[in-house]
Amino acid sequence: MVRKGSNRTKTSEVGDEINPYGLNEVDDFASKREKVLLGQSTFGDSNKDDDHSLLEDEDEEEVLAMDEDDESIDEREDEEEEEEEELDGAAAYKKIFGRNLETDQLPEEDEENGMLDNENAWGSTKGEYYGADDLDDDEAAKEIEKEALRQQKKHLEELNMNDYLDEEEEEEWVKSAKEFDMGEFKNSTKQADTKTSITDILNMDDEARDNYLRTMFPEFAPLSKEFTELAPKFDELKKSEENEFNKLKLIALGSYLGTISCYYSILLHELHNNEDFTSMKGHPVMEKILTTKEIWRQASELPSSFDVNEGDGSESEETANIEAFNEKKLNELQNSEDSDAEDGGKQKQEIDEEERESDEEEEEEDVDIDDFEEYVAQSRLHSKPKTSSMPEADDFIESEIADVDAQDKKARRRTLRFYTSKIDQQENKKTDRFKGDDDIPYKERLFERQQRLLDEARKRGMHDNNGADLDDKDYGSEDEAVSRSINTQGENDYYQQVQRGKQDKKISRKEAHKNAVIAAREGKLAELAENVSGDGKRAINYQILKNKGLTPKRNKDNRNSRVKKRKKYQKAQKKLKSVRAVYSGGQSGVYEGEKTGIKKGLTRSVKFKN
């Protein structure tokens, strides 16, 4: 050990002699720092603790001395050779990953259960993941390859059957599952296992064919029975008298029979071309059969004869009957009120309106019947479901309730009650139309006025004992004429005054609005606002007319800071050319002189600041 220390001192002296230029301050500091570090190391401690250091001569130097580093390298090589001779799973793991394998297993267990069953096999440091491919030894590489194959084999053993599934295989399995279900169904219904084609069905005897159709297509028998029963009915309706009801029945029955014939054609087509065809339950034609059957049921309940004859003659008869009825009504009213000319004229207007309403009602009834016929014709078309623009899934129950309500409305439209209710609504509107405005007071009827006058006279006679004596005569037509002449004049004046006031108010408002618009165009709205109208109201001003609000005009650039800065930069770029020369792309063509002219007093150079 002393020799080693002396060797170091000798080499440092030799290093000083080799350096001919001497040391500067930086090299001197670095050399002192190295000496301090060597003194604090384990080599320095071992030199101090060794007793033989005093006995050995410092000048003695070993020939071909071996450093401690070389010895450690040789020892490592020997250890690696020993490990190569006996390299088990744990040793290979340590060599690959740089740490011992932590297992609780006994050494007698198989080597295959040593690594993959350990959850802590992977380390958490960088050295355990990098540099594993840089192997110098072939034996270690073989061990690693062997371990990788073993892990791969174990991984394949742990794979489940679902991991190997492919889409095509899954489809085949679904198909086989369907075939199995069909086999079970046939076994439960005691059918043959062989597939039946159209030729097999045709070759069957009547009983076997009926059993097959009754089992596979249970709707076939009742539909064929209805078709045979209703076909003669269709011919009868064709030959019967032409009116609206028979026409509706013919259209409804034709659509129903046509849908049944479509069912037969689709059934034959599927039996010819589709091997997997087993049922017609999910086909859209079944829904159409139910719809057309319901329409035919409702149409069959209509009466066979139409009471009102069609054509121009029937319409003239109707109008003649209505006019005769209205003339009777008019004569009765004129006899009851001979003197009241205005009331008679107004009642004439009401009667004319009733005539018009009755005509309109008849037209609406015709339109309603046409609409129903149109609906029956449209029901034969294939109705595509409407796709909503915002298909949004709703998690609430209210949407389902709304769908149910919509379906109820659609079902109501298919019935004749819907159209009769529409007619009733028109009748109610007509009665509401005769009521008039609530603001205008009603004229008192003659009978009500007489009763009111009698009650007032009776009350006056009861309270006023000193009143005039009444004669024994009954209340006659002269008293009626006197009371009517007294009351009608004041009532008519008040009635007309209220009506005139409302009309004048509407006219004045329209004129004020027109004047305000004209004044706004000419810019004289302030002058118009100063003038007060006859009802004490001023005209509208500019703020009310334009309705721009209270907020002032604001710049739109303040809403977007990026746009604001961009416009500010563009404005500064325009001003920059007036301050200093800006390069704008160089000379475009041949030199044509200074385009702006040479100005003697203009200086565009930039002055540098210190």
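Any Cβ shown, glycine's included, is placed from N, Cα and C.
Of the candidates SER314, SER358, Swiss-Prot records phosphoserine for SER314; the remaining residues carry no such annotation there, which does not rule it out for them. Checking SER339, SER383 against Swiss-Prot, you find phosphoserine recorded for SER339. Swiss-Prot lists region 'Disordered' at one of the ranges 1-23, 185-207, namely 1-23.
As annotated in Swiss-Prot, phosphoserine applies, among SER46, SER72, SER316, to SER316.
In terms of DSSP helix, strand and coil, the compositional bias 'Basic and acidic residues' (451-463) has 13 helix, 0 strand, 0 coil. When DSSP labels each residue, the region 'Disordered' (548-578) comes out as 20 helix, 0 strand, 11 coil, counted as helix, strand and coil in that order. Across the range of the compositional bias 'Basic and acidic residues' (501-511), the DSSP-based residue counts are 11 helix, 0 strand, 0 coil.
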